[in-house]
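S.K.: Supplied in structure tokens, the structure appears directly below.
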Amino acid sequence: MKLTFLGTSAGKPTDERNVSSIMLDVRQERGGLWLFDCGEATQMQMQKAKFSLSKLEMIFITHLHGDHLFGLPGVLTTRSLIQNQSELTLVGPKGIKQFIQTVIDISYSCLTYPLNIIELEQDGLVFEDTKFQVETKLLAHRVPCFGYRVIEKDLPPTLNIKKLHKDNINTGSHYAYLKEGKTVTLADGRVIDGRNYHGDFKQGKKLAILGDTIPCDASIELAKDVDVLVHEATQEDALEQKAIERGHSTTVHAAMIAKQANAKRLIMTHISPRYSLNDNAKLVNEAKGIFSHTEIATDFATFQV
Ligand SMILES: [Zn+2]
Ligand SMILES: [Zn+2]
């Protein structure tokens with residue numbers, strides 16, 4: 001999985017940062033792109049980052065504040081102009097369906113592909129297939145805001161072919177059974193337990209992308225043992241009171257959540273327009289005092305999960 005930040009500013013865009021949007025690139029794992037939040041001008045940011053709308057498979061919206069939402073009509077309607085008309089799934093808090101329907105009706109637009117809208121009203125599993133699982137929990141913001149935990153399922157173990165050859169087991173037709181850990185009987189009578197010939201198995205990655213929130217238990221639960229935690233850090237530590245009053249977190253809050261959740265890595269985003277890129281080092285250092293594996297996102301920065 002690869003994360004690309006398309007917008008990292010809180011509330012409004014600045015010369016250096018666009019408003020919230022993150023692309024989770026799972027093309028390698030399942031052939032699609034998953035977008036988290038869709039602030040204004042996200043389709044332009046996608047174009048600049050060379051992300052094709054035709055590959056867009058899922059959109060997850062954390063909450064209905066404009067800086068996370070106002071790019072959605074553009075993304076959805078432009079996707080109607082392209083050749084690929086595959087289904088798109090949109091997940092977001094209750095009200096998102098009415099928002100989309102209203103925009104489309106009032107602007108005489110139409111969508112030429114199936115749009116599957118899932119409205120969230122409570123915690124739970126929002127997506128699952130053979131490779132991935134996405135869970136959501138309600139965070140603590142001024143309006144209903146949902147955080148997401150993306151879990152890549154463990155890949156099945158490979159077969160240790162060298163060991164099989166060494167033991168003179170060349171039963172190609174049995175390999176599939178052995179790989180599944182089943183027991184097979186060979187032509188020479190030997191009974192072979194597939195589990196004894198398993199090689200390494202690849203542990204799936206875990207990722208939490210949270211929306212706007214003050215520190216809360218749901219954040220810790222969503223971020224438990226993740227490889228990467230994406231957490232908002234709207235304000236510096238000195239402005240803690242201001243952050244909390246507006247339903248936001250500071251750099252230190254984000255670091256505390258990462259530490260309590262035992263995350264491996266923290267990426268801070270949703271930075272107040274009061275800060276320029278020159279303030280990045282200061283903001284990161286505040287968080288590093290509590291959680292050393294901290295980075296700060298900038299627009300178009302990419303992170304391998
Ligand atoms: Zn916001
Ligand atoms: Zn908000």
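From the backbone N, Cα and C atoms, a Cβ is placed for every residue, glycine too.
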S.K.: According to TrEMBL, D67, H68, D212 bind Zn(2+) 2; identify which of H165, H270 is listed for that same site.
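M.R.: For the Zn(2+) 2 site that includes D67, H68, D212, TrEMBL also lists H270.
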S.K.: Please identify which of H141, H293 is recorded by TrEMBL as part of the Zn(2+) 1 site containing H63, H65, D212.
M.R.: H141
S.K.: When DSSP states are grouped into helix, strand and coil, how many residues of the domain 'Metallo-beta-lactamase' (203-271) land in each?
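M.R.: Output for the domain 'Metallo-beta-lactamase' (203-271) reads 25 helix, 16 strand, 28 coil.
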S.K.: With H, G and I counted as helix, E and B as strand and the rest as coil, say where DSSP puts H141 (Zn(2+) 1 binding site).
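M.R.: The three-state answer is coil.
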S.K.: According to DSSP, does H63 (Zn(2+) 1 binding site) fall in a helix, a strand, or coil?
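M.R.: H63 (Zn(2+) 1 binding site) sits in coil per DSSP, no helix or strand.
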S.K.: Just the recorded positions from H65, D67, D212, H270 whose C-beta lies under 6 Å from any atom of ligand 2, please, or none if there are none.
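M.R.: Checked recorded positions vs ligand 2; flagged H65, D212.
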S.K.: Taking 8 Å from the centroid of the Cβ atoms of D67, H68, D212, H270 as the cut-off, which other residues in that chain fall inside it around the Zn(2+) 2 site?
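M.R.: Same chain, not in D67, H68, D212, H270, Cβ within 8 Å: A10, G11, V19, S20, D37, G39, T62, H63, H65, G211, E232.
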S.K.: Cβ within 8 angstroms of the Cβ centroid of H63, H65, H141, D212: which residues besides those meet this for the Zn(2+) 1 site?
M.R.: T62, L64, H68, L139, R142, V143, C145, G211, T213, G247
S.K.: Around H141 (Zn(2+) 1 binding site), how many other CB atoms lie within 10 A of its CB?
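M.R.: Other Cβ atoms found within 10 Å: 23.
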